[in-house]
Amino acid sequence: VAAAQPSTDWHLKENAREHHTSKFSSNELIVRRGQAFTITFKGTEKPKQNFIFVAETGPKPSKAAKTLATFEVSSTASTDSWGAVLQSSSSNSVSISISSPHNAAIGRYKLSVQSTAGGSSSTANLGTFVLLFNPWASGDDVFLPSKAECDEYVLEEFGIIFAGNKNHISSFGWNFGQFQGDILDICLSIMDRSLYYRQDPATDVSHRNDPKYLGRVLSAMVNANDDQGVVLGNWSGTYEGGKNPTSWTGSGEILQSWKKSGFKPVRYGQCWVFAAVLTTVLRCLGIPTRTITNFSSAHDADGNLRVDEFYDASGNHLEKGADSIWNFHVWNESWFKRSDLGPSYSGWQILDATPQEESGGIYQCGPASRNAIKEGEVDLEYDCPFVFAEVNADCMYWNYDAATGKKTLIFSKSTEIGASISTKAVGRDDRVDVTRDYKYEEGSRTERDIFKKARKKLGLEDKFDPTAPTPKEIEQKPDIAGKFKVAGSLEVGKDLNLLLVLANLQSDAKTVHVNMTAWSTLYTRRPIREIWKDSISVTLSPKEEKQFPIKIKYNDYQQQLTTDKTIQVTAICHVEDGIQVLVQRNIALDNPAIDVQVLGEAKVNKEVDVEVVFTNPIATEVMNCVLQVEGSDLLTGILELRIPPLKANEKSSTKFKLIPSEAGTKHLLVNFSCDKFADIKTFKTVNVIN
């Protein structure tokens, strides 16, 4: 018999406060597993009757799969199973404290109650609630003991992503926005659109209690490969039919677009976009997560822990072979236990949603235990060899002659890859270097031993590698040394001044023919357009060092520059009767500055003015100026303002209003673009008071 529908009071405010879910803006109850929540329902006659509660999730709830639980009211709650404890009752209402186990599957649940009185029973549907991971609960796989870290890695909606290159680290803000609008619903629908769910929905839902399973599934779903996931990658340098990856300032717009389009992949992303969106999704679901930037990151496509780069005799970097070294690469770390590997491999786990190589037939990567990477345990699940190579591969630089097909080793380096591995500090807008958590000191004996151990585990040291350099090639010593030095500022809009420094290491004179090139590149070091080339012949006296100034004018590089603002300068030095020497430098240019001021005090629900000032630093007019602004709890969605063209050296001031919706430390993200400068980014901390 169906009873009259009882009205349920979900105690949204109190439960949210207890469960650290107050930041969600939802009319639905959102709670964390392994912790009790209180509900009151009216319209049941005799509270003395026997209640049996039913909590169920997924398309085919079952007790065996732990996606269906039935439980009676008892006097005490347990953290091992679902339970209900009577709090209070009156003539027509009952307050019950309901608790879920620490290892319950997360997702949307339906809650109903069966009551029996006088031999007849009836079932009433109480409504739905969403259950999330609980990093505050010691029994949860994602338990994180530090409250400050829970605040940063679960509750913080603002992040800083590091970019540039290892000689010149830059950073930009990102609005994760995991608590805004319907982001939680979108995250739940991401899980329901994965290949795993499509193949076997009931089994997939039953695995949603496990952060390692969900981390892997979501690393596949954030990229569009295989499964029509959220973001479509594009590393071509041209981004027609979509947005340039450098133009995004937050995940919200991306996730909303994916949903609005009927779940068509959003165009376009590159590594930091995949990592930032995955951060949003995992923080939203309650898994502590952060973004990590690895500088000089190896993409070892053939799994030999070695990356090969090829240059021709003129010094052009050739796109040959599948290996590459990226100026930087961004991935994620999520915090959870590894019950499959044992306690020493618990803690931070690497997940990577950027589609680089297939794993298990689809583009997914991780979770790889960070401790396993540091110790060279590359035989442990999941994808440890690929991640180990990203931070440890050896580099080989080759000269390639297209006419003969012959390649000659110029030099090899084992200390190039995996530098200044960076993440945002907890509770501060600073960079923290976590390189030591990934590997022992570069060049130390332990680090080399671990590298050998990894090679051995991968079966590389017993196998003859026909593409590897011979010991004789590796031992060759060059007669000269060279480097590029930067002289002056590295700013878009200014001439680029460099010095090529060449030193003769020998005690007899050397004649050197130098071919130099400069190419605009993507941050993956993919060459896009030639900017400049030159050649010189020099004689160096014994032990002499000489400097050769190089000037690349702004007018010469302006049209060629990519929106990544990166240039690779190469000099290939042909020493008479000696071996070739390669000198290269990757240069990341900075955009001019943009200034943001909050005019007055920021108060909840009160208007406050913000002024953005930009001065055109170049001698020509800039056009198509657009200002884009976003910030969780400061404004809804994205504000886009068109700005009139600016003449040479002209200053523009743009004002707009914010109405903050919540007190606390908030971040305003600003992105300014025009025809000569792409995506000048900055952020401003706004302290909002009640």
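From the backbone N, Cα and C atoms, a Cβ is placed for every residue, glycine too.
Of the candidate ranges 1-22, 45-66, 89-110, TrEMBL annotates residues 1-22 with the feature region 'Disordered'. There are 26 other Cβ atoms within 10 Å of the Cβ belonging to His329 (active site). Asn392 (Ca(2+) binding site) has its Cα within 10 Å of the Cα of none of the active-site residues Cys271, His329, Asp352. Here the compositional bias 'Basic and acidic residues' (10-21) is broken down by DSSP into helix, strand and coil counts: 7 helix, 0 strand, 5 coil. You'll find the Cα of Glu442 (Ca(2+) binding site) roughly 24 Å from the Cα of Asp352 (active site). For Glu447 (Ca(2+) binding site), the nearest of the active-site residues by C-alpha distance turns out to be His329; the candidates were Cys271, His329, Asp352.
Nearest to His329 (active site) in space, judged by Cα atoms and limited to the recorded positions Cys271, Asp352, Asp394, is Cys271. Cα separation, Cys271 (active site) to Asp394 (Ca(2+) binding site), rounded: 22 Å. Cβ neighbour density within 10 Å is lowest for Asp394 among the recorded positions Asp352, Asp394. On the backbone, the CA of Asp394 (Ca(2+) binding site) and the CA of Asp352 (active site) stand 21 Å apart.
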